[in-house]
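Written out below as structure tokens is the structure these notes cover.
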Amino acid sequence: MSNSSSFNEFLLLAFADMWELQLLHFSLFLGIYLAALMGNGLIITAVTCDHRLHTPMYFFLLNLSILDLSLISTTVPKSMANSLWDTRAISYLGCAAQIFFFFFFISAEYYLLTIMAYDRYIAICKPLHYETLMGNRACVKMAVAAWASGFLYSVLHTANTFSIPLCQGNVVDQFFCEIPQILKLSCSDSYLREVGLLVVSVCLSLGCFIFIVLSYVQIFTAVLRIPSEQGRHKAFSTCLPHLAVFSLFLSTVIFAYLKPPSLSSPALDMVLTVLYSVVPPTVNPLIYSMRNKELQDAVRKLIQLLLFQHQ
């Protein structure tokens, strides 16, 4: 097969060959997916409905929850369906759509986490300018920039990846379609263009990473100068969830993509991919609500309201 258009479908990597294990995989993914739906759904509803949470920090958290929900919905339902129907197939268009949406949501989430670091930096290091710099219009513009950048990158990468001729079969060594796995199916040097684009993306990501690190150096310096212990605790409790979410997101992605080739095996690659594509969207709501009393109160009220309506 000399061209990518010769394929009607790709074959994804199955989690298991035995029906019982496939059923176990389906059940585990269903549990994780429902937890992600519930956690992110509660945060989206609580932030939307509770006027006390109509602040920049919660506005960005709302966007993060929407992105998390979209990200996990791109890969997990298809994998669950394949396990249930005992198939590995994904259509050519389905594969292209998975790559597009996965890259779109994951890159938009990274830019959003960078903006959230800026929000915390302004709140703690320049509190007197907070309302001026983080007004409603400015916040909306920043969120739109994060989504638009993710969309633009995704269009660029998806179009480039699928313009490359594929001649190494149609078996994708992953439980969903992702760019590095499609590039492995390419012929000769035609994939170098996409590799060049990925290098540019890595450089931009590195710029965001440096910005976040520098922001946190200044944040922690400012927090340690706060005289009261209560003030320090409050400042830390608004920053630590974001730092935990960012660290989880980045460490799993870095380990998945930058681990030594000698460590590579289909089973390990799959576990690492689950770690960065499935785990963060599920645990992010938990991380954010664990130390946040305002959010806990809003979610508790929402649950009570829902239970009261069903009685």
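Any Cβ shown, glycine's included, is placed from N, Cα and C.
Model, not experiment: these values are computed from the prediction.
Taken from TrEMBL as is:
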- 39-288: domain 'G-protein coupled receptors family 1 profile' (DOMAIN)
- 23-46: transmembrane segment (TRANSMEM)
- 58-77: transmembrane segment (TRANSMEM)
- 89-118: transmembrane segment (TRANSMEM)
- 138-156: transmembrane segment (TRANSMEM)
- 195-223: transmembrane segment (TRANSMEM)
- 235-258: transmembrane segment (TRANSMEM)
- 270-288: transmembrane segment (TRANSMEM)
Item to check | Outside the transmembrane segment (89-118), six or more residues from its ends: residues with CB under 8 Å to it | outcome: 4-5, 7-12, 57, 60-61, 63-64, 67-68, 70-71, 74-75, 78, 82, 142-143, 145-147, 149-151, 153-155, 157-158, 161-162, 172, 176-179, 182, 201, 205, 208, 211-212, 215-216, 242, 245-246, 249, 277
Item to check | When counting Cβ pairs under 8 Å to the transmembrane segment (23-46), the leader among 138-156, 235-258, 270-288 | outcome: 270-288
